[in-house]
Amino acid sequence: MNIFKKALFAFGLAGLVFTACNDNDDDDFKLGDKEGTVLVTFGSSYEAPQQTFATMGAAAKAKFPNEEIRWGYTSDLILNILRQGNGENGIQKDNDTPQEAITNMIKEGYSKFTVQSLHVIPGEEYEEMIEKANTVKKEYPDIEISFGKPLLDSDEDLQAVAEVLNAKFATELSAGPVIFMGHGTPHEADGQYTKLETKLKALNTNFFVGTVEGIGFDADETSIGGILNKIPAGTTNITISPLMSIAGDHANNDMAGVTGETDPAEQSWKERLEAAGYIVNIVMKGLGDYAEINAIWMDHLNTAMNK
């Protein structure tokens, strides 16, 4: 029995040594020298946003035809829904996180990366994107990563976006106010929504920007209730549209949903406005559906590439 135990112990040690050798196969790994881009978004399990993502990806490829472009989703919830085939109408996709996308590209010979944010403001999700992408550098310290700014980063961005929206919604403005729904955040970047509204109002006083949460929402400044108090007397028609990269969950439910609720706090924007007597027009388009808006994101990508 003692001989058997010794033999078993020796076999076990051999197995450990063999396993250790396998685990260290990457010791001979050498970084390649290729450059690539990862477009990063929160993600969506809705069907229409998949086409918006395709439009945004096509914009990147058109501006940078020789660039390898991959995608990264920051929402683990969305990733799991899609991987399980539980997206809208059974959508099934095996998307990567930003760090997974970068790691996979490293193994394919890439070492210099531009990670482009497709977020609207430089808030929590943007900072989380940077944090997650930089975790890869702990394992591969010699790689280079630069980050492209989100849509509403600078004052110039705010002005450019305001001018695009003013042109795109000219017809709707001729009928009445246009209210954009932003997401909102407890981060200080929540102030970008108010700054954008200021830029928009300088072009047309019938523009309003609201959010579904965040600092401005909590102060009842960007909530739909707060905006209702600012609608000019005599208004009949109001247009609502998402101020988000895609028309996803918030746009379909919080903005345009039919809840059947009587409590204003539980109603969608559409229901709140209709209950107040307005005729509501919905433009169900994400910002990524507009070529002129995508051009701003692509300018940010170009800036990051050339750092």
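Each residue, glycine too, has its Cβ placed from N, Cα and C.
Please treat TrEMBL annotations as automatic predictions, because they have not gone through curation.
Within HIS183, HIS300, the residue that TrEMBL lists together with GLU213, HIS250 for binding Co(2+) is HIS183.
Cα spacing between HIS250 (Co(2+) binding site) and HIS183 (active site, proton acceptor): 8 Å, rounded to the nearest whole number.
Of the chain residues outside the Co(2+) site list HIS183, GLU213, HIS250, MET181, GLY182, GLY184, THR211, VAL212, GLY214, MET244, ASP254 have their Cβ within 8 Å of the site's Cβ mean position. In this view, GLU213 (Co(2+) binding site) is surrounded by 17 other Cβ atoms within 10 Å of its Cβ, with every protein chain counted.
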